[in-house]
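So the structure is just underneath, and the comments pick up after that.
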Amino acid sequence: MANLVLCLAFLFLAFGKVQCRFLRLNSSVLVSDGVSNVDQRSPILSLNGQLSSSAEACEHYYGFFPCANNIGGFLFQIVVYEYLLATGEKFLTKGSKQLFNIIGTGFFGDVFEILMVLPEMMVVLIAGLTENEEDAQSGVSVSVGVYAGSTVFCLTLQWGICVIFGRNSFKPESSTSQDSEHSTSRTSLMKEKLSLLTDSGVTTDNKTGYTAGIMLLSLIPFIIVQLSGIINTSSGNRIVVLIALIVSVSGLLAYFMYQILDPWIQERSLEYTKYENLLAGFLNHVQRHTQGRLVTNEGAPNVPVIRSLFAKVDRDGDQTVSISEVEALIADIKSGKMDVEKEYAIAEVVQPWIEERRNELVKIERLMSRILKHVQNQAFEADGLLTDDGSPNVDRIKSIFEEFDSNHNKLISQSELKEVIQNIRFGKVQLDHDLVAENVMKDFDEDGDQMISEQEFINGISKWIHKATNIANSKDSKNFIDEFDKIAWKEVDSLVYEKEENIGIIHKLLSRDCIISILQIILGAAIVSFLAEPLIYSILDLSTALGLPTFYISFVIIPFALKFKMAVSAIFPASQKSLKTASLTFSEIYGGVVMNNITGLSILLAIVYIKGLTWDYSVEVLVVLVVCAIIGLLAFFRSSYPLWTCILAFFLYPFSLLLVHFLRNFVGWE
């Protein structure tokens, strides 16, 4: 009964209306009745402001986000925001890549590159465009850590992981097996293991080195802005910041314009995106349609599961997979969660077979069918290659010889033959013109002097006219070559796929896939922009609670959330262990760093200059310069990355943090 009365009393007091004010020991009003000026004061009575301070320290962002006022709470907030931020980045990246696949290179390729760095841009803009100058300065400090951390993450952890998973032996297999036979002692085994650091690694093409060179050029505005650490006057610092801003923005515009005029970087990025999409779609499809894991617990391929998958793909049971069955497989993949471009997928899957068959294209039968067809098309107003009785037209063949003999010395050299062959279309495939000319020369050159005389030319053309009429079973002067060409090239033309280029941009933009991609981009950008401010202030609160500079936390946390998935997805193309996939993977890393460097510095310098903030981030800029210079010079001057380079890359990540700590705390460099 007593408890009930006490409970009712508390309820009565809770619902009752009372008026009060703050009572502080340092109040200027020493004597008061407690209710004076009640309408102008807070209806809370506190001692020494203890309750009000805790209430003010805990702020609900957007009115419903959880708040915290201790280290554990700040960490929990950051973990939740990081997960949601990674989800937004996932939508944004997926939509951007799909849109890039649909629209292609050019101006829209530049838009794609901006979208790929949009999460970092949103974080920086929201952090720096606050009205309070002090908050803006703190936001810029966080943003500097984000951009420096993103660049260092890509060139150290992601770069090193790709070297490990993409490594191949630099030695031929025969020499490797011979070395293993003689390695019996413990010392020899140790030397063999250490030799892996130099005898294995990743090989890239020349264009990868060119991309690394562009990455080095993107460091020019970083070098300029470092001069602000030498100049002590505020006006001098603003001038340096302005010059660096102009150079950075000019470099960004020049980079975009260069890719529009010569889109080879975008083409490689598009090919990497298509390959990554194809590989992910294929693996997801396999995982959904196989009973069991593709890899055993020991890490070896699960052969029974792979054979069962092959049996499903081989629908006619002939123990071979035809192109029609590959098309059916791609259609199944498209019906799943991944949207894979059919033409590219088929070309990649059957590429080894196509290359093998393409080597057969230089056989003289197929070459001569196209050469005869070319001659026939050039002579539509002249006499045909056959006379009325079905025999070769010698006079017409002689006139053709004179056309081929460009220097009129009564002989056709291999260079003259190559000039003619360069004007001949061999369907959808690209053949080596030198090899084609060499094979034709061998067939026509009877005396072996590497020259084709007029009589040798007549004999050679006549021989092939007879073969063409026999194979085509026709002596019609207008149709026999066309029939011969169809028979010779029928199987070959079915192997080559070419993407249709007549689809208008309006049709692409209105397609279902394009609309879904745009919606994913909008959703991802909304999530990132919605979470950027709470995450930044949680980092600032945690930094204050731990007594650490914000750089260390923002350097690690935000880049890890934004780049981790990208680093994992890069493992799959790199692990294919081919020159093509390795080159595309590392080119994508360098291209991403270029955009991250130029866009990041441009936005940061613009915020600092417009809002009149202080630029005192020379240490952070130095970290970016050191890491980019080491990896960039290594990639620019050599096309192969030995395995030991991954150790260097991994070392540079903690070294960057230690360098900042040393320069700030021991050297006193701000």
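A Cβ is built for glycine as well, from the same backbone N, Cα and C atoms used for every other residue.
The following features are taken from TrEMBL:
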type	residues	note
SIGNAL	1-20	signal peptide
TRANSMEM	107-130	transmembrane segment
TRANSMEM	142-165	transmembrane segment
TRANSMEM	214-233	transmembrane segment
TRANSMEM	239-258	transmembrane segment
DOMAIN	301-336	domain 'EF-hand'
DOMAIN	392-427	domain 'EF-hand'
DOMAIN	432-467	domain 'EF-hand'
TRANSMEM	515-540	transmembrane segment
TRANSMEM	546-568	transmembrane segment
TRANSMEM	589-611	transmembrane segment
TRANSMEM	617-636	transmembrane segment
TRANSMEM	643-663	transmembrane segment
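Under 8 Å from some Cβ of the transmembrane segment (643-663) lie the Cβ atoms of residues 148, 152-153, 155-157, 159-161, 163-164, 167, 196-198, 200-201, 551-552, 555, 619-620, 622-623, 626-627, 630-631, 634, 669, all in the same chain and six or more residues away from its ends.
Here the transmembrane segment (617-636) lies next to the transmembrane segment (142-165) in space: the count of CB pairs under 8 Å, restricted to residues six or more apart, reaches at least 3. For the domain 'EF-hand' (432-467), residue counts in helix, strand and coil come to 26 helix, 2 strand, 8 coil, using DSSP. Under the criterion of 3 or more C-beta pairs below 8 Å, with sequence separation of 6 or more, the transmembrane segment (107-130) and the transmembrane segment (214-233) do not qualify as touching, having fewer than 3 such pairs. Contact between the transmembrane segment (515-540) and the transmembrane segment (239-258) is absent: fewer than three CB pairs lie under 8 Å, with pairs separated by 6 or more positions in sequence. For the transmembrane segment (589-611), the residues of the chain that approach it from at least six positions outside its boundaries are 113-114, 116-117, 120-121, 124-125, 128-129, 133, 136, 140, 143-144, 147, 150-151, 154-155, 158-159, 162, 208, 211-212, 214-215, 218-219, 221-222, 225, 238, 241-242, 244-245, 248-249, 251-252, 255, 265, 269, 566, 570, 624, 628, 632, 635, judged by C-beta separation under 8 angstroms. Taking Cβ pairs closer than 8 Å, the transmembrane segment (239-258) reaches residues 110, 214, 217-218, 220-222, 224-225, 227-228, 231, 594, 598-599, 601-602, 605-606, 608-609, 615 in its own chain, all 6 or more past its ends. Mean predicted confidence for the domain 'EF-hand' (301-336): the pLDDT average there is 65.
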